[in-house]
Amino acid sequence: MNAPRLSQLTSTAVGGPVSRCVEASTEEELVAAVSRADQAGERVLIVGGGSNILASDEPFEGTVVLVGTRGFTVTDPRRTAGSAPSDDVAREPAGASPHGGAHHGAAQHLPPAHGGAETETGTETGGDAADERSVLVEAAAGHPWDDLVRDTVERGLAGLETLAGIPGTTGATPVQNVGAYGSEVSQNIVRVRVWDRQEQRSRTFSFEDLEFSYRDSLLKRSTDHGSPRYVVLSVTFRLERREDSTPVRYAQLATALGVEVGERAPLTTVRDTVLRLRAGKGMVLDPEDRDTFSTGSFFTNPVVPEHELTDRIPADAPRYPVLDARGRTVEGAVKFSAAWLIDHAGFGKGFGLPGTRNELLDLAGEDVAGGRASLSSKHTLAMTNRGEATGEDVAAVARAVQRGVEQVFGVRLEPEPVLLGLSL
């Protein structure tokens with residue numbers, strides 16, 4: 001295909017031209033494209049939905065591989081190995097261009113068993129033990145994440161409903177251990193199949209192998225500037241057949257649902273409510289809404305060891321327990337709200353628009369990205385392209401926010417997205 005600009009492939013709509021771009025609509029094409037680039041000694045960038053990449057306008061010298069694999073299977077784990085799946089789904093691919101545009105890839109049925117390269121399989125330890133409600137859902141890496149959430153909810157499968165509306169593809173979710181509204185994707189992951197570029201073979205990582213933590217995993221730690229050692233091929237989740245949701249863990253969501261924290265609500269109601277809450281924060285992609293031209297939450301919520309806490313963080317700052325991948329409390333650390341810290345450091349919604357000013361940093365808003373980039377007008381965690389922004393424009397706003405929060409509270413915010421050719 002003609003090589004596009006990264007701005008055409010990312011949700012922030014910034015980024016320069018690429019040397020070569022390859023679309024992969026099957027696993028075989030995906031592995032072949034990556035292997036060819038590796039053999040040629042080229043830099044490789046894997047792109048699914050492009051919602052977690054902030055790139056500079058400099059040319060990307062290497063191969064961009066667009067993951068267009070689609071489809072998922074639903075199986076009963078109590079069946080014997082190799083038995084036919086109870087459901088096999090393939091849909092026409094959603095547009096890979098985050099804000100609309102051309103489709104990438106073709107619909108693909110994901111087979112219940114995978115032949116080919118040598119496979120290393122770990123023990124299945126993720127999720128709850130199999131019972132009469134449990135099913136396993138294996139989704140291709142390129143399957144649009146929100147489509148998977150919608151389809152599992154419509155089939156009465158609970159576990160992913162609070163993660164509705166998160167942009168991107170399924171293969172990206174375990175890398176970042178994405179989460180929202182009290183849930184993390186690791187809580188339902190059983191295994192992840194990958195292509196190991198270093199060993200040139202397929203492997204299967206169990207829940208334990210993946211070493212999940214808050215917005216982190218073995219997969220993420222094995223990625224260098226957007227180029228992963230392990231290319232995700234598929235992800236398997238353990239879900240439950242039921243009409244109501246998993247227990248609601250997030251207070252804001254519980255209030256919106258009219259239930260208490262720890263209670264359940266109808267599956268479809270939970271998904272619809274999450275989508276409404278996210279849309280109100282500009283966190284659901286919409287080509288008509290500039291607040292959605294972002295990478296979503298730009299900074300992770302900082303986790304601070306208790307022995308490092310100082311009185312620079314006020315007592316009324318919201319504090320949350322730190323949970324491990326199984327939902328257990330981690331002692332000796334506290335999680336703070338990045339959005340609260342940003343707001344209380346003097347960076348309100350829309351910071352960076354012409355006419356705003358931050359006296360703390362002595363930065364005139366009109367000098368920060370020239371008004372082309374700003375914090376979202378709906379949520380202080382999103383760095384947005386207001387139109388004609390460059391990657392450096394967006395990074396300039398993020399840099400000002402990061403430095404300001406550190407000056408006020410002594411806490412350094414860490415970015416969530418992959419930064420290509422940029423730094424804070």
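Cβ coordinates are placed from backbone N, Cα and C, and glycine is handled just like the others.
TrEMBL entries are annotated by machine, without manual review.
TrEMBL lists 14-242 with the feature domain 'FAD-binding PCMH-type'. Sequence annotations record features per position, and here TrEMBL assigns region 'Disordered' to 74-128. Annotated compositional bias 'Low complexity' per TrEMBL: 93-128, in sequence order. Residues annotated as active site in TrEMBL: Arg215, Glu416. Positions annotated as active site, proton donor by TrEMBL: Ser297.
Mean predicted confidence for the domain 'FAD-binding PCMH-type' (14-242): the pLDDT average there is 84. Residues within less than 8 Å, Cβ to Cβ, of Ser297 (active site, proton donor) and separated from it by at least 6 positions along the same chain comprise Met283, Ala338, Leu381, Ala382, Glu416. Secondary structure from DSSP puts Ser297 (active site, proton donor) in coil. Proximity of Arg215 (active site) to non-local residues of its own chain (separation of 6 or more, Cβ distance below 8 Å) is seen for Gln176, Asn177, Val178, Gly179, Thr300, Glu416, given in sequence order.
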